[in-house]
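The structure's right below; bear with me while I get my questions together.
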């Protein structure tokens, strides 16, 4: 049996693995992203969603700018996560005219303006993570618990895009960790 890693150790490994992919093999990363986009855009969850929520990606994550552009092309409402007080996320409606922040302490670029929408308005939430257990739907986030708190009571569809380098199941899971309904890999 494989020894389970602490979340911290697994996060450290995953950040190094994903940064190496983005920096040393960008063509491989782009090819994987394009395959994941095709799968997502043909999924029932994407096709039926009027409102899509996501996070602006970090350079080593699956690039979400393409998702935003495709959603706008399909006349979907796009909400981007923004860190708010008390460890929660706001989901802000964005457009081509949105003003964006400089990267925050976590490296995220967030909308500076736009209407904050209720989580109940979201049909499809694209959930970020460093790693995914594709069998159980578990995800290893960045350690703040933001998406676990949102997903706990979320009634819409949740999905995640999983690069080959993100598929693993060897970290210690906690009771408060929330699963993603569909992991696209």
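Using the three backbone atoms N, Cα and C, a Cβ is placed for every residue, glycine included.
All annotation found in TrEMBL is predicted automatically rather than curated by experts.
Annotated ATP binding site per TrEMBL: 7, 8, 9, 10, 11, 139, 140, 141, 142, 143, 144, 145, 146, 147, in sequence order. Residues or ranges marked as substrate binding site in TrEMBL: 61.
So where do these features actually land, and what's packed around them?
All protein chains considered, the CB of residue 11 (ATP binding site) has 19 other CB atoms within 10 Å. DSSP assigns residue 11 (ATP binding site) to a helix.
For residue 61 (substrate binding site), the Cβ neighbour count at a 10 Å cut-off comes to 19, with all displayed protein chains included.
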Rounded to a whole angstrom, what is the C-alpha distance between residue 11 (ATP binding site) and residue 61 (substrate binding site)?
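So the Cα of residue 61 (substrate binding site) lies 13 Å away from that of residue 11 (ATP binding site).
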Can you check which residues sit near residue 146 (ATP binding site), meaning Cβ under 8 Å from its Cβ, same chain, 6 or more apart in sequence, and list them in order?
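Counting only residues 6 or more apart in sequence, the Cβ neighbours of residue 146 (ATP binding site) under 8 Å are 81, 83, 87, 88, 89.
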Which residues, sitting 6 or more apart from residue 7 (ATP binding site) on the same chain, put a CB under 8 Å from its CB?
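When sequence neighbours closer than 6 are ignored, residue 7 (ATP binding site) has 140, 143, 171, 172 within Cβ distance under 8 Å.
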What does DSSP say about residue 146 (ATP binding site): helix, strand or coil?
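Assignment for residue 146 (ATP binding site) reads helix.
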Between the Cα atoms of residue 142 (ATP binding site) and residue 61 (substrate binding site), what distance do you get, rounded to the nearest Å?
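Each residue's Cα considered, residue 142 (ATP binding site) and residue 61 (substrate binding site) end up 12 Å apart.
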